[in-house]
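Read the structure below first, then the notes.
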């Protein structure tokens, strides 16, 4: 197969591993810089051009679209879909998962466990918003944040009011969530491919920190997940419409709670921690499921 990898940087661990795994299995792997691809949309034959030449003959595309280029990246991916190229994750699903609020609303509608979450626009509603999530301590998250940036733990209601007011003053969209103390600064990253959780790791925040992101100095270790956690991760990925996803789960006193569903999960942490060939499993998934015009939305956007 001829497989495109949409990635800004061919030297990134995840991109390198996907290219290696695909090449080992006999595929032609081509890394395409997402922002350098440009499109002819209105022609009778949809096309993508790259460095002066049309991109042609691709069987599948693996999107590794960073949060900062979601809009343009999804447009390029959608164009691949219009050309009948099989996407590992569809543009519709990626756009859906990048909207944190929309994601939580969809997961909530399907009865998937979530931390109590509040969202408001007016500063006048802050006291009631804090009450709604069971008061302090609570967590405030900027909707556009990634890798733990823009996430604040407020120990008191007074501190929470000040932080929420500050974010609102900066015209930042934020959500307020209950703090799950019993999780102890740890979460579980479940790596979903197709209809299986193929690997899982526990991420523990460093001492004095509550954000467990590996980018924030958290440490990763092997973990055995429960059947309920496995089912929660699979259901969350399915609700978002993602074939490959990193589902972040907290262990709470009332069962597993989904924090986030990541449509472009990094491979380095999970491969290093579990010793599994995750990139190879992803390529196998494409071999089994890929084919011309195989998007679930049938390229309708």
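Cβ coordinates come from backbone N, Cα and C, glycine included.
The feature ATP binding site is assigned by Swiss-Prot to 141, 178, 179, 187, 211, 212, 213. The Cβ neighbour count for residue 187 (ATP binding site), using a 10 Å radius and every protein chain shown, is 24.
If you draw a 10 Å sphere around the CB of residue 248 (Mg(2+) 1 binding site), it holds 21 other CB atoms from the protein chains shown. Summarising the annotation, Swiss-Prot assigns Mg(2+) 1 binding site to 248, 260.
Classification of residue 248 (Mg(2+) 1 binding site) by DSSP places it within a strand. Marked as Mn(2+) 1 binding site by Swiss-Prot: 248, 260.
Residues annotated as Mg(2+) 2 binding site in Swiss-Prot, with sequence analysis given as evidence: 260, 262. In sequence order, 100, 103, 247, 248 are the residues of the chain that are 6 or more apart from residue 260 (Mg(2+) 1 binding site) and have a CB within less than 8 Å of its CB.
Annotated Mn(2+) 2 binding site per Swiss-Prot: 260, 262, in sequence order, evidence recorded as sequence analysis.
Marked as domain 'ATP-grasp' by Swiss-Prot on the basis of sequence analysis: 104-287.
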Grab the ATP binding residues from the record (141, 178, 179, 187, 211, 212, 213) and give me their largest CA-CA distance in Å.
18
Between residue 178 (ATP binding site) and residue 262 (Mg(2+) 2 binding site), how far is it from one CA atom to the other, in Å?
21
Cβ neighbour count within 10 Å of residue 141 (ATP binding site)
22
